[in-house]
Amino acid sequence: MRSLWIFLAVLFIHWGFSLAKFDEFEDGDDIVEYDDNDFAEFEDITEDVTTESPQRIITTEDDEEEATVELEGHDENQEDFDDADAQEGDTESEPYDDEEFEGYEEKTDASPSKSKDPITIVDVPAHLQNSWESYYMEILMVTGLLAYIMNYIIGKNKNNRLAQAWFNTHRELLESNFALVGDDGTNKEAISTGKLNQENEHIYNLWCSGRVCCEGMLIQLKFLKRQDLLNVLARMMRPACDQVQIKVTMNDEDMDTYVFAVGTRKALVRLQKEMQDLSEFCSDKPKSGAKYGLPESLAILSEMGEITEGMMDTKMVHFLTHYADKIESVHFSDQFSGPKLMQEEGQPLKLPDTKRTLLFTFNVPGSGNTSPKDMEALLPLMNMVIYSIDKAKKFRLNREGKQKADKNRARVEENFLKLTHVQRQEAAQSRREEKKRAEKERIMNEEDPEKQRRLEEAALRREQKKLEKKQMKMKQIKVKAM
Amino acid sequence: MSSNSMADPRRPNKVLRYKPPSTENNPTLEDPTPDYMNLLGMIFSMCGLMLKLKWCAWIAVYCSFISFANSRSSEDTKQMMSSFMLSISAVVMSYLQNPQPMSPPW
């Protein structure tokens, strides 16, 4: 790729030089014609007619040039006349001897008027000029591309360094907590790769597994797109942060049923709108955490008060207060199924699968201008994650809380079923019709008339049975109603 | 360093393998930039080739660069290379047919 650019650049340079040579010739021609006029001074005035014609040829190009040439010719004639007649005396060396110069002056008057044809000087258009400077747009474009490539390399390396710095800081903690640190899913055996998976030039993954309480933990380092120049320029208008997203999948028996979130108010409002479980179970607006000793910047979304009480113990409050600037959101849920799905057919026909998860989103300090040293500031947050995992296992709702939680879940499921009732009915109806059609086709395709008759009879009998059943049901309902 | 200082919390027998999150279920999580840029690049390079517009061809080169920078590592390199080649061929063809420099729109 690079060699191609160099080749093209060299090609342009050669082209420019070869065309520039022609310029010199044009200048040379003008000088030659000036020389002719120098010699014209030695000729008689009568011969000035002939000298004027070469002058006229020159003057078609430029009025100014013609004027200077005329003057020069005039002056030169003057001088030589003076020199030749210097010996003759003063009277004859007077400049304006009218008799001598009558005809000449007329002619000098005549020729300027003749050459005052309407000739407009037009600038030579850029695309006909044969100089390298006329390609400035192309040079700009190539410079822009080179700048983009430079930025790509620099951004990619920076992101890589940040990721490595993060991993080096956190490696010890992770390895002491998880049996498997780093897995890309491709190896046959479950061996720790001890490396981050690079998904992108700005996203790095790490999968840790093999611990009590949790199935596994997926850490995503979502850096800013430093490798894309457009993104870098956009970020100058709107500052953004690098983020670390941690998703811990809990075992079913190790987490009770609750939905809880704490974070910045803006983040919680957004999560409440986007996340399926938060929107269904935590219908209230995010409440301020000041009651529990949290700073003003943090708010709480909870399914019920008891959960908040249980979660906000001293150590958690300590974590949240000290590192509030780095915490974007913390979300514990047993009904986590990801963001709300927008499907074209309306509602999905069955509830999405839920998983007990703990989600953490942390902002890397530096708001864009991070250095590898800033990664060390995130280590205490990882301690908080580990603490939360153990806490989630220990925290159990009391009986009332459990009942409330179960009621909530039943309510949500019922709502969902109601909404989709119509669709499910339609789906069942269409399935039944399909079956009937398949049956009929089979009967029609049956060539043996005997078999056909038998199949038809069987179908009729089945229909009758169904009708009878329905009638029985209606009777039963009527009896119950009475 | 573990919170449970008494016992090692690690359980090698409970190791689960990594499963890349399936992107079919949540298309919102995917970044559409590389696909859009790829498409734009192809459109611009076709415009540049057919209509002999130099600026179209240059924009196509930029689009394919942007698409490359934003692409996921799992994506096909063949697609990237083909869009690169197409945009560069559009630029070269426009200049071969008409070697005059581009004129700015102002």
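Along the chain as shown, the residues are counted starting at 1.
Backbone N, Cα and C atoms are what each Cβ position is placed from, and that goes for glycine too.
Quick look at what TrEMBL annotates:
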- A:1-20: signal peptide (SIGNAL)
- A:46-116: region 'Disordered' (REGION)
- A:60-69: compositional bias 'Acidic residues' (COMPBIAS)
- A:77-103: compositional bias 'Acidic residues' (COMPBIAS)
- A:104-116: compositional bias 'Basic and acidic residues' (COMPBIAS)
- A:423-482: region 'Disordered' (REGION)
- A:429-471: compositional bias 'Basic and acidic residues' (COMPBIAS)
- A:472-482: compositional bias 'Basic residues' (COMPBIAS)
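Distant neighbours of the compositional bias 'Basic residues' (A:472-482): none; no residue of the same chain at least 6 beyond its ends has a Cβ under 8 Å from one of its Cβ atoms. Across the compositional bias 'Basic and acidic residues' (A:429-471), DSSP assigns 40 helix, 0 strand, 3 coil.
For the compositional bias 'Basic residues' (A:472-482), the DSSP counts in helix, strand and coil order read 10 helix, 0 strand, 1 coil.
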